[in-house]
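Peer 1: I have a structure I would like to understand better, so I am pasting it below and will then ask my questions one at a time.
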Amino acid sequence: MPVRGPNAGQPGRRPDVPLSTPPLKRRRRPPLACFQCRRRKVKCDQERPCNNCTKAKILDCNFPPSEIPGSLDHGPDLPTPQTQANSVSCDSPSSQHTSAFPGQIHVDVFPEVESVINVQSASSSASLREPNTGTRSLHVSQSPHSDQLLQRIKELEATVKQLSNDRASIHDASHTQSQTATGGCGASGVRFGAQSAWINGTSLYSNILRPLAKAQTEKSQLHQATTNFKSFRRQIDQYFAVPVTPIGAGTRIPDKPLADSFLENYFDHFEGWLRVLHVPSFRSEYVKFWQQRDTVDQIFVLQLQLCMALGINAHPECLVWKNAANQWIHEGRRWLQDSFERAKKKPSFKEVQLACLVLIAEANASENDQMHQCWVSVGQLVRRSMYLGLHREPRHILSTPSIIQAEMRRRLWTTVLELNLMLSLQAGQPTMISSSDYDIRPPSNMTDEELTNEPDETKVIGSSAKKQTRTTPQLALLDSFLLRSELVNKLNGIDQTMSYDEVFRFHKDLSKAKGRMQQTFRAGYTATTAMNSAHNSIANIILSRYLLALHLPILGHSIRNPTFHFSRRFCITASIEMAKVSGILESSRGSDIRANDEVLPSLKRLFVNSPGLFRHITIQAIFAISLELVTSQEEEQENLGIFPVWDTGELFRSLQAAEAWCADRLQAGISDHLGYCFVGACLAYAHSLQTEGPGTDLSQVVVQAALRNVENCSRIMREVADKLGVPVNQGTSLSSGAGNISGPLPDVMDMSIDLTSGFFGVGMDGFAFDWTYPLDIGLEPTWGLNTVSNTM
């Protein structure tokens, strides 16, 4: 029976509550708005960050700890007497724990510890919730044993955390059933779908991106320098803003010597690992084109223009002719659209060839980094090819197919499959096609001259299997196609969890495929097949890209957990190799590293001048090198006693060469200034870690490095404008004056390529030098997109 106090009979007071206890004041509605909106008394949309804080450029958009709308990273409630639930950041052995963070390891806590927690929690009226900050907030009602319960629960939480970490390391290393989350990329993106997207991993740079985010004030020098650079860029865009009008195919083709150079560059760098054309027939039409243009089919002229648009990227005068290349791409796209809408019939084989060339050129140009649009376009290409019947064995479509008909169909379908797989990997999307959807055989390793009009049944299979032909790189990639397709679907599918043993299986199989490919190239290499050198290098880099995509999602875990050390070691090894093959680590750029002597100058120019497809491959390699350098310096400063994964001096030289490579891209007219500034900030941060003592604030070092590179970007862009003859004056607007430019007619589609995209693939027009664009949800405070957490 409760003891009644002297005021028990008074109205408004409960008889069982002592006088010293004030009446509980309950809020009718829980606070849902953020602190800033509540203070300003405006409506909050409850997003993170909310729209009001985004407009006001308020970095700290915080919500009450107990009511975080849309939060994916707060822990579950601890059990109360009302719920009797077992949910103290772990589950019972009968059910697995699902981490709120995508990319964290799934662990099971020892059941004996869980039982202790349940007994203690059932005896109290405490209600616990884990807020977004990673610390637990405790609300305990008044009871005689509240202090003891609070202390006991804290001890149990510390025990559970320690046991969880130990259990994760042991369990994942010894059992295949343990799942390491290499998946679970957030879905906020309208731009990037899943973890194979090239942008993944930027959230591991919080020590570099955080100071840059804080520097985003209207009065900061960094903001002002970026505004000046954007003004530069807009003036150039305005000068080049000439309407793209259908002036007719073949009217802007250069003189024959220059056209020959562009066409040969295409044959030497694309028509090998991708097979679209029958080279002897195309060359015959090309000779006829220069003799009598009126007698050549229009679709050939469009194909010729697209081949030159791709070959321009490997030419020394790439900058001058990029505007014409974009005009050619536009004409090819418009002709395809008009033809498909006008004909209302099955597309012809030449039209599918043209569609392949348009897609390759668009992906390589990658205007505004539209990899998702290219992924949609390749889906249309797949269906257009299937509509033509390219996915079926030729004998099912043609009554008596000849060797040239059958082989060209097989080559073109293999090219469609490779493009679909490559763009799916770049966009972070599934391939949407399986091996059961087609029954056509792989192409034969025959030269183009061996393709005759004889019946396909008379062809001797395997007669030229060991010699080096133009189709050899395509067949080398096709050997691992099913394995790579399985990997991309695993990375980008709905179920993105993968055990580390499964990662090892993919790595082993892909490494074997890469070894077979290199052995094929070495066995068939002769002096007469030197033309395939660039094709072989590109095929090698493409296959290494899939291996890197396999291990990059685990890179965040491997920094602190030695269980995944192999992934960390492989990422830096593969990245250095890819950077050497692509010519990034060339000694002439100030690096002491001896790059591969066999890297062709035209191949180096291709990786420098290509805004889209090849940039994504090299950017991920540079990202891994930057992360290893920064991480190794942080570990050395923290005295963790970890053996270095790579030589520090070589990492510094590699990143310096990468910074020079980014500057070369700026000089080529590709305003990838975010990548240039980011690499410079990483270098400055790593250098400062070597010279400064522990605990030193390096925020200003990072900001000053970014500021220096932004100003350098403006200087380089002024040089580009002078080279093109574009009169650009900072702070003044220009009227259209394209008619004063000699040479190819420039238009906005030239200079707009990649000017509004950078290392993060986000437009610069909407926000000034925004390093905090929320590319993902459910991760650490919007420092980018990453599929793993940088803490275990």
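Numbers here mean position along the shown chain, with the first residue as 1.
Each residue, glycine too, has its Cβ placed from N, Cα and C.
TrEMBL does not curate its annotations; it predicts them automatically.
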Peer 1: Looking at the ranges 146-173, 482-509, 706-733, which is given as coiled coil in TrEMBL?
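Peer 2: Of 146-173, 482-509, 706-733, TrEMBL gives coiled coil for 146-173.
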Peer 1: Between 1-27, 433-459, which stretch does TrEMBL give the note region 'Disordered'?
Peer 2: 1-27
Peer 1: Tell me, what is the mean pLDDT of the domain 'Zn(2)-C6 fungal-type' (33-63)?
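Peer 2: Result for the domain 'Zn(2)-C6 fungal-type' (33-63): average pLDDT 84.
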